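Asker: Input: one structure, supplied below.
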Amino acid sequence: MKKTIKDLNLANKKVILRVDFNVPIADGKVMDTKRIDAALPTINYLLENGAGVILLSHLGRVKVEEDKATKTLAPVAKKLAEIMNREVKFIAQTRGDLVNEAAKNLKPGDLVMLENTRFEDLNDKAESSNNEELAKYWASLADIYVNDAFGTAHRAHASTYGIQSFIKESALGFLMHDEVSHLSRLMNDVKRPYVAIIGGAKVSDKIKVLVKLFEVADKVLVVGGMAYTFRKALGYEIGTSIFEEDKVEMAKEYLEKYGDKIVLPVDNAYTKDFADNKPEYTTSKNPNIPEGYMGLDIGPESVKVFEEIIKDAKTIFWNGPAGVTEFSNYEAGTKGIAIAIANNEEAYSVVGGGDSVSAINKLGFQSKFSFISTGGGASIEFVQGNKLPGIEIINDK
């Protein structure tokens, strides 16, 4: 069992806290504070118990120098200060004299945020390649390392993994502990029927979790772009819908082996272009998508089929949308799944992945799900049974 911040003596200690503040920003303003809000219990606990805190986070990907202008954490520090109604000292460096001075002068109750950790990726990918010198430097700034960034727990980066090797004490934050506790129930305390809904564009992106779920779940509803690869394997016409030619044979094998568990859409909403056009629909009796048209969502018959399966479930895991949710004409399938899960109040329901979570938020259904994971990729890795580097490296109790 891993240490949590409740196991620490924090009085007069300097803590370096890895958070996940990878939030959407437009025109220099934070557009969604959910990830910031999720970290507040840990930040407040550390400060209230006598620690000075240095925050580390990434924001997007930084590939060229020009990316710095739109990927700075300055607006995030400003928003955090506004939410907490207190000073948050922002240091526009990831390392250097300003960081050294801030760490040296850090007092109990102080809150400091460093610049985007991925600015270091312009320095020979120092962050994402877990550069030892960088990890050692960040570790030198504090007495204790706390990881509360579940969304990056599957990455062995300098800020999520490397630091731990050079610091005496480490622990999980409240968010990270909650994620591990809830997701573990999908593996160790499964009440059946267990229904998984997996969406996304490509089979190849989620093939490992699909195989795992084919083995452990009672039903796996395959939606999104990846469903067209399976439909192609069954001999249906899919028009110009996205699919993976090199995965069709694999899909056939899975359908033969796990055909009693795999549930595919029976109808689709389709259109001629990848655009928010008014949809046309296939039906279960006429399931083929015409040549020159592409499927962008599941249809109403599929929603009804899925509702019947979901309403009897006792455990539900959902990752990935059923359609192209950025188009209002093609979000009905994803909404239908969200409503079906929300209506099953007896099931233990977990959702992960940005588009799925966005659908829930739009509908105001957050309270109707047992747990909403902050990490799409990390939750997928965890459910596969993989060890997450950002968790494994933390001190045991």
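Note: Cβ is positioned from N, Cα and C throughout, glycine not excepted.
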Asker: Per TrEMBL, what member of Arg86, Arg155, Arg185 joins Asp20, Phe21, Asn22, Arg35, His58, Leu59, Gly60, Arg61, Arg118 in binding substrate at one site?
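Answerer: Of Arg86, Arg155, Arg185, Arg155 joins Asp20, Phe21, Asn22, Arg35, His58, Leu59, Gly60, Arg61, Arg118 in the substrate site that TrEMBL records.
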Asker: Express the distance between the Cα positions of Gly353 (ATP binding site) and Arg118 (substrate binding site) as a whole number of Å.
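Answerer: That separation, Cα to Cα, works out to 22 Å.
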Asker: Go through Arg35, His58, Arg118, Arg155, Lys206, our binding-site residues, and report the one whose Cβ sees the most other Cβ atoms within 10 Å.
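Answerer: Counting every other Cβ within 10 Å of each candidate, the maximum falls on His58.
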Asker: Show me the subset of Arg35, Arg155, Glu326, Gly354, Ser356 whose Cα is within 10 Å of Asp20 (substrate binding site); these are the binding-site residues I mean.
Answerer: Arg35
